[in-house]
């Protein structure tokens, strides 16, 4: 007698991934090739310079996503191994899926897709949205459910980015709106759809321990160190990229100090909240992405970093419990406080920066 497939849910994951990778192998065989090297010495040197200038940033971003973000998600004491492996799996799955879709939509010429490092980088940026969104349902969804979320989110992100960048003409070098705000509210929507019936009580396994908080803090420190590369990699080399790095460092430094101040004032006995420190110190990097390459005084970056950290900590302290009570909205990692609120603040800052920018006399 045949056994119903539903009795073997552990087989769904290898079946899903096997079919996906097999289809991808066929797709790459038929359509994807590398860019052909140029025979001219000047063009060869130009390509080499582009690789040498981009790949260090690319490697920094890889460390951020694989190690930093993976460790950041280990604050759940019984979910550390799963958080690391699922994060790694989703990154690779989403990157390949985005590579296929972006190739078909934007780079399909004469029946072929030419692959280079820049296209791979753009696909990895698309994968970041998935890694952020699943933070809202961390530990409450199966691997297959996470892959389904990634399958649906990547085309939605590409459509959203096309509208924001191509149709509306918004400049967002650090992905404040296109990545952080989008992924936040997409993830919250998924959380609401999956857990909408009643408010979910806090499970004993969801309470962080000293060891899990320490691992998560290590992830925060790795993200903090490499975040300027994430913001600056798509900026124009030269002054714009230099400004982006400086503004990001200033904003994140200010957000780190402000997080300590705000957390100490809000917590009992002036003790720091690990959750505040793990997230608030990164809020400046989220907010500054929208204006990082703009010509603005250094004090503006410091102010934006401080405001974003304050908003993040206040969100954890007051807004998250309120949304849980009123809307039964479950946000496991607090992505609304780290990505949503600072992202909105960064978008507002970009409007102010444009309005107060000196007019070009020419």
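Glycine is no exception: its Cβ is also placed from the backbone N, Cα and C atoms.
As recorded in TrEMBL:
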type	residues	note
TRANSMEM	12-34	transmembrane segment
DOMAIN	24-354	domain 'Ammonium transporter AmtB-like'
TRANSMEM	54-76	transmembrane segment
TRANSMEM	88-108	transmembrane segment
TRANSMEM	120-139	transmembrane segment
TRANSMEM	215-233	transmembrane segment
TRANSMEM	245-266	transmembrane segment
TRANSMEM	299-319	transmembrane segment
TRANSMEM	339-357	transmembrane segment
Highest-contact recorded stretch vs the transmembrane segment (12-34), from 54-76, 88-108, 215-233, 299-319, 339-357, CB pairs under 8 Å:
88-108
Is the transmembrane segment (54-76) in contact with the transmembrane segment (215-233), using three or more Cβ pairs under 8 angstroms as the rule and ignoring pairs under 6 apart in sequence?
yes
Residues from the same chain, set at least six apart from the ends of the transmembrane segment (299-319), whose C-beta lies under 8 A from its own:
246-248, 250-259, 262-263, 266, 273, 275-276, 279-281, 283-284, 286-288, 291, 334, 336-338, 341-342, 345-346, 349, 353
Same-chain Cβ contacts of the transmembrane segment (88-108) under 8 Å, 6 or more residues past its ends?
17, 20, 24, 27, 31-32, 65-66, 70, 114-115, 119-120, 122-124, 126-127, 129-131, 134, 143, 146-147, 150-151, 153-155, 157-158
